[in-house]
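**Q** I'd like to ask you about the structure that follows.
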Amino acid sequence: MAKRQQVAQQESFRSMTPSQFFYEYREVAGFGSPSRALYQTVRELVENALDATDVHGILPDITLVIEQIPEHPSYYRITVEDNGIGIQPQHVPYAFGQVLYSSKYKLRQARGRFGLGAKMAILYGQIKTGQPVEVYTSPIGSSKIYFFRIKIDIERNKPIVLAKGEYPNPSGWHGTRVSVVIEGDWPRARHRVHEYIRRTAIAAPYANITFIDPDGNITVYHRTIDKLPKQPREVKPHPQGVDIELLKQLIRKSKATTLLEFLIDAFQGVGRKTAEAFLDWAGFDKNLDPHKLDDRKLEKLARKLREYQRFRPPSADALSPFGPEIIEAGLRTILKPEFVAAVTRRPRAYEGHSFIVEVGIAYGGQIPPSSEPILLRYANKIPLLYDEKSDVAWKVVDPKNFDWRNYLVVFPAPVAVLTHIASTKVPYKGVGKESVADVPEIEQELRNALREAARKLREYLLQKKKEEEAKKRVITFMKYTPEIAKSLATILKDYSVDENSIREMLLTAMKKRLRIEDEKFAKLVEGLEVNIEE
Ligand SMILES: Nc1ncnc2c1ncn2[C@@H]1O[C@H](COP(=O)(O)OP(=O)(O)OP(=O)(O)O)[C@@H](O)[C@H]1O
């Protein structure tokens, strides 16, 4: 009996490659259903196109085409072309055929982070439609255009290059064109995909975006501003963000022979003075060879680095916020409001990662009134559409937590709020990048930014209220002026004061009393004739 139990408890084991893992759990990356997969594929390819352009100082020209395949109505070909930096041909098979292969594993803000997105779209297409990805690319300055047709060997997590070729590039084109065929559900995805592109255009008024959808609609978002966001620069890690593993990796890479040199060499913002002061405080000999530290010493060093409060704050060089001008231009062009204001806060840090929070508010105009603010969330310039209510940005703008009445906004109101978190590490809740966790430092900054932008809205609304009141008074006054002037003219007929000059005098007195200059007065009475007659 005891022996049988033992046998029953035997388990078999095996390992998985990253591509097998994401093949089995594709819903965690946003590929759970045909409609969601269609949306996610568009996102991944468009975000790669933008990363290849604005991050490198190129004004983006991006074309997205989604076509239904006539022989298989549930199959769609999604093609995205950009004018970006292109990809060196030796990297193409891995960039598109090996899960977790990326040029973005760096401390520099980019939309991409995981080395997963394009491969998920390719993998999903491959398992549902059997079709490979097709890539045309030409790196900047290349005399050739390279072509690849690739599938993923899911068991081995390796690219399978089915075909490749080279073409001359007489026009000097640079950029990339990626085409995948996936199973999709356009009718269900239509709204989200259009909304995603619209929100991308709001945040990238410096891009030309052309979108041809399967219904044959052509939507073009024209560039309205030639200014690009500041380009991010790669930075070294911040000492407060280390753990034992990162410390080991940095030491392995470093040629420094003393702890002092190592700290100066491996971390951002650490000069000789700071390194000496830290080592003294932490109780380490500055001449120790970092390569000889045992696990106990490594643990202590990592802990002390995290605890030391006198390092310079993390550098914002790696970040690329939109800036108020771009946010305001985007909101104005797409939402057509009567008022916009945007705020870019100063850099802050959490766990050794710098971040910048931005908030834009748009009010009135063509924004429809609703019972709560319309929230447009962005993280590292990516619009986030799903899981809004579990995002830290919603927590902050939610009328249950933010007293909008203090800022003269009473719901239902026509208010849209844009939030942007730019960071070398956005704390996404999942690899599908749909919502951001409520890290206290980020939440606090969002609240501060919202307050700052909302104060500007309050000023505007106050001014508007004042003007409306003044207008009301002017209307009342104008209504009675003719009558009063007439009566006064009758009373004063012996003094030969005519009705018109009395009217003029009354008008001047009113302007003086209400402190309205002529120009403003003209504006206030514009189109009032009808009311006055009434
Ligand atoms: N349009 C493009 N232009 C230039 N390089 C590209 C383009 N598309 C993909 N790449 C390269 O392929 C790599 C892999 O892309 P992929 O979408 O799989 O991951 P990622 O963008 O790095 O990260 P994430 O999974 O977070 O999106 C990118 O890091 C980039 O170097």
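From the backbone N, Cα and C atoms, a Cβ is placed for every residue, glycine too.
Because TrEMBL annotations are produced automatically, they should be read as predictions rather than curated entries.
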**Q** Suppose you had to name the range TrEMBL annotates as coiled coil; which of 215-246, 279-310, 439-470 would you pick?
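**A** From TrEMBL, the annotated coiled coil range turns out to be 439-470.
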**Q** Based on TrEMBL, name the residue from ASN48, ASN157, ASN169 that is recorded for the same ATP site as ASP82, SER103, LYS104, GLY112, ARG113, PHE114, GLY115, LEU116, GLY117, ALA118, LYS119, LYS433.
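**A** Looking at ASN48, ASN157, ASN169, the one TrEMBL places in the ATP site next to ASP82, SER103, LYS104, GLY112, ARG113, PHE114, GLY115, LEU116, GLY117, ALA118, LYS119, LYS433 is ASN48.
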**Q** If you measure every Cα to Cα pair among ASN48, ASP82, SER103, LYS104, GLY112, ARG113, PHE114, GLY115, LEU116, GLY117, ALA118, LYS119, LYS433, the residues listed for ATP, what is the largest value in Å?
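**A** Between the most distant Cα atoms of the ATP site, 22 Å.
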**Q** Give the subset of the binding-site residues ASN48, GLY112, PHE114, LYS433 lying near ligand 1, defined as CB under 6 A from any of its atoms.
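**A** Close enough to ligand 1 are ASN48, GLY112, PHE114.
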**Q** If you skip the near sequence neighbours and keep only those at least six away, which residues in the chain come within under 8 angstroms of PHE114 (ATP binding site), Cβ to Cβ?
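**A** Once residues fewer than 6 apart are set aside, PHE114 (ATP binding site) is near LEU100, SER102, VAL431.
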**Q** Does anything in the same chain, at least 6 positions from ALA118 (ATP binding site), have a Cβ under 8 Å from its Cβ, and if so what?
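**A** Residues satisfying the criterion: GLU44, LEU45, ASN48, ALA95, PHE96, VAL133, VAL178.
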**Q** Looking only at the domain 'Histidine kinase/HSP90-like ATPase' (33-156), what are its DSSP counts of helix, strand and coil residues?
**A** 43 helix, 36 strand, 45 coil
**Q** Which one is it: of the binding-site residues ASN48, SER103, which Cβ has the fewest other Cβ atoms within 10 Å in this structure?
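**A** Least crowded of the binding-site residues ASN48, SER103, by Cβ count within 10 Å, is SER103.
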**Q** Mind giving me a neighbour count for LEU116 (ATP binding site)? Other Cβ atoms within 10 Å of its Cβ, every protein chain shown.
**A** 22
